[in-house]
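Everything on this sheet refers to the single structure shown next.
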């Protein structure tokens, strides 16, 4: 250990200007007797020499300079982690962090807050959310971390918590307390299990708003501008925030301590009175200001002008605006406007009271009866001006026998006037506190009675030391002595508890207890006791009080605490824990008595001002207004029993300092003592109660530091800060920690950090962690007193961490040297082996070349011989081939000449024969045509002659009536004959229909057999290919297949024959119809047709119409059995082209329909009607007309089994309804079965298939619920069932919403998106109906007995559209909230903590080697695969269920924004994660998301991760010079200066990296502009709330698909769909 001060070691030396200055060891000289001479050179170049010994260095003698920490630790966020925990190191660390704009630093359990005197972006909603739910130390030090720690411990232990905020005036105590209150109000969770911060004021409860409203009220009435602070609290405040059993805020209460009353009547130079007076003068309306006698010129009021012209206004503060804020806060806590102006009237009276002029005569004080200030003051107070004047300039002494009235001088009268002012203002302040407490306690104290735990925020004045210190400073420093004693005891207690818990050997830690100082102040013969004794003496004076102090306290046992100044006899000195303070005894007695003459009190008690009476009565009764039914304080009254809460929540006490001024006869209660308590005794009692409260709570400490007196932004005065660190007890905490074991490491952290200090042979086999750490310690630290091994931690003495770090550095250097040596040897061996291999390779090449040359010569010789033999062979063969070719040519020439000669002869004979045949045919045809022409001419002549004869006969017959009757009889006979023929044909048709049904059954049987055999054949084919089936068996099966195919062909042929027969019947009927039409025309042309004939013809027409209807039904049946038409008819409403379903044996039937009715026709109605015009045209004849009439296209899908069940009847047509409307209405009116099918089966009981990347279903298989619901709705509208449809749709929407909301977590994604798509489809159907409605097209269709109300229909469509909009919005938000909750849990572990990229694994939070050896590596709870799987699940669901592209973009934009914002904010707040290796890991994870976005056609999704990507670039860029910082600002253009500054300050330096210099960090910090409102530290937090949902455009509805899946048990809906088809 003697080598601590080695060459190059940096140390600290005291300095008057900077507190401490750094120096470095430059030389070490060893002297005899183990003496050393150390030479240091400080930063200024001054040389300092110290002579010491090895023993002094080992023992850490006091005269040695403190050691400086390595640069890596000089900006650590917890002073307790410093290697060398000493005063200069603490100061230097705070200064460095302050220069980097890090105003918060931990010091063990204490949070040090340095006032920046500038706006900083550290308190926004995003920061609140960042600290919500985080453990202390996990993020950067912050006020919110302390508040969160208190809140968490309260929930966990159900123990009250107290946060003590202390510091001198101007250090930021009030603002810190306000921020803590705001945080607790924001993160308060009224719902159990909910943990999200509420970042908007309108989300807080009424109690929370009232609690926050207390700040502007108490600041206005209790804060003032001082030389040190523009908003200095002139009173102490303890706010208890009350929580119920569910940790929800149910109330609060405030206790105040020692209001500075003297400020009301006197203000030093450049200081102000309380804010409320300036606010009232500046903000009151002109009329009210005139009524109150006020003026904006404050120099007209004595109580406001004493601070001088520079005292007001305060820069940056608008008193008028603050007045409005105060009024708003008063209204929030329940003070009416009338009461507010009563308060302001009382304040105006005090101002006028201060303006009353008191002059001095020769012996008496004089007041003018007509003084305007006197008249206004007494008028506002409601008292008699003559009595007030009398008792202001005179006093009354009461003896046993008489009352003596004596005159006062001007100074005494002024004191009386000011005493009345202070008394009234103190009463008013107490009344305000009581009103606030009553409001915060809830109605009738109900909220406070439900409280089970609390968090207290103590905003107390810090230690004060001025040039002239009086009674106020004495009380303040007394309170700080008590708090410091409690603080030291608390720190000591925590220290000892840690040692006991870890079961280590320890000795009692001695610390400087300030109990002697407290005894001097509050002992039996202490300062307060002597002061009270002297105050009760009528003749007591400050001099006699000081004399008693000297006589009683100037004793040897108190010589270190109570001291007498060297010069003067008007002061005394007390040695406080921080420093010695000299108090002027002048004014102690008067301020301690703080009395008002009884005559003035009686006069005020008789006031005609009801509000003043209320204030005084409230003071008498302890703060209860007279009209209040219950006390404002939630503390139970004395004597009450069974109060559980009183034992859980202690009352810190309330200083009723105004009671000291009350007369004995005014409002005296039974049992009240005659003695008037003094201000000192009241304050002492309140302080004792406060200490008792703190004793039963878990205390958290915040020490506010004021870095400079000039209130300049970011200016740090070391000497001033050092004094405050001493005063607030931070250095004492460090001293206590250093006396024990300040450095503590867990076994895992220690083993990971220092495993290399032992030989690697101890690493294997896997060691036990505690024994492994003991081995390291035994081999590195000889002195066992320097450390202790506990149960879970290792405790080290101060300085041991630096020693171990030095050993570690030496060990690593030695290991690196070994690695370098071995690497150089390896490189040399590698070079030698490479040369050797090259030499062998060259030799091999040359030997190969020689061998190749030898082989080449041999090959050439062999090749020459082969060429010679080949040439000789070629010549002989060429000669033989030439001879053979010549002979062949000669033979072919001779044979060709012979063949051509024979061919010419045959050709000539054939041509001659053909010419002869043609000529003979011409002659024969000419003769035949002449004969036919002559015959036809003769026939025509004969026929013309016979026709003329017949015409004459017919003309004669036509003139005869009897002949006409004969013709009529013949026509009737012919009609009868035709009727009989038609009946015969109908019978034949029925027989054919029966045979057709039988054939259909046979066809289905044969088809199924064919499919079965075909499947078997395919299986056999497969078996044949795999050689599993014998060939004989395969041939047998093939023969069977062929046989079945033949039978199937026969069946199809028979069906075709039947269809031809039906077609012939149809043609026959057509011919008969034409014949009847001709005869009807003949009847119409005949004159004198009788009524009998007309009746007969009408009957015939009716019969023919019936036959036509039968034919229509036959055609419909035929079309159902034949299949769907190839092309659907055109539709003007829906898109052309109807859906066909290949998986159904029987496809949809499309029927052209229309109506001749004049009613509005609903184009989206799914009803169909056949068109029968007056001339009796049939469907086949009207198919072309239908296109011109533009009927609606209807898509009807039938299941094969349903079709057979419906039409397969014995008589063929018995089950076909002439008008199916009745059955439809019956189905629609059956509410129970309809609800069962739709609500229970279709919605609640529907099993939604899991989306996959393959086998995407069709639209009908996804959207059938929406189509079926729309079908039912459409039918109801069609039949005028408007109320029923409204009930039906309301139940449907309610069921869908409750069903979707029943899912939680990741399970909600698939059903949520499925029903989102179906609701969008249903909404599109409603939009189509609305569009038709706007065009005047309403619901039409079959005639019904109900009257259709067009107004109800319009109302219903509008309401349903709005409700469906809301339903779709709710469904989207439901599953998106669950998805974001799930994703939010994954983002941090997957994107920030996971390390998937090999080679760049970081060691924060546990190292690689230790985890590898101990197998304790804990991977993050989620990985990037989990995030991508979740994104894939959402994307597949959206695509699978046919959601619009705009919705897909909305979803992934919001999800990726959540990923980017959450991960960026988390990275920004984590110090140990800001390293370049971690940046590589995060960048790799981001790349995976980018690849996912590109592969899913969403490249713009990566824009949501831009902040995170630039943050990773920043961590990887160089940060050594100012030019590097410029490059960072250019590359990371999206990051704000605050964000860049935070990431540079949080950069985690590895062992092999040089830390960023403080100068560079200051350069970065200087670029932060405090006035830039757009410069936010964190991005706006992405909570689990979902953003606005933009509804996609309605879908184009091409028809209502009536597809019903076979697995659904919905008989009513299935039958209704069949009827619609």
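Using N, Cα and C of the backbone, Cβ positions are placed for all residues, glycine too.
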Can you say which of 1050-1072, 1073-1095, 1096-1118, 1119-1141 is given as region 'Disordered' in TrEMBL?
1119-1141
TrEMBL annotation of region 'Actin-binding' - which of the ranges 595-617, 664-686, 687-709 it falls on:
687-709
What are the non-local neighbours of residue 174 (ATP binding site), defined as same-chain residues 6+ apart in sequence with CB under 8 A from its CB?
219, 223, 231, 232, 233, 459
Find, among the binding-site residues listed as 167, 170, 172, the one whose Cβ has the highest number of other Cβ atoms within 10 Å in the structure shown.
167
Taking helix as H, G and I and strand as E and B in DSSP, count the residues of the region 'Actin-binding' (687-709) in helix, strand and coil.
9 helix, 8 strand, 6 coil
Residue, out of the binding-site residues 168, 169, 171, 173, whose Cβ gathers the largest set of other Cβ atoms within 10 Å
173
To test your reading of the ATP site: which residues beyond 167, 168, 169, 170, 171, 172, 173, 174, same chain only, put their Cβ within 8 Å of the Cβ centroid of those residues?
115, 228, 229, 232, 462, 704, 706
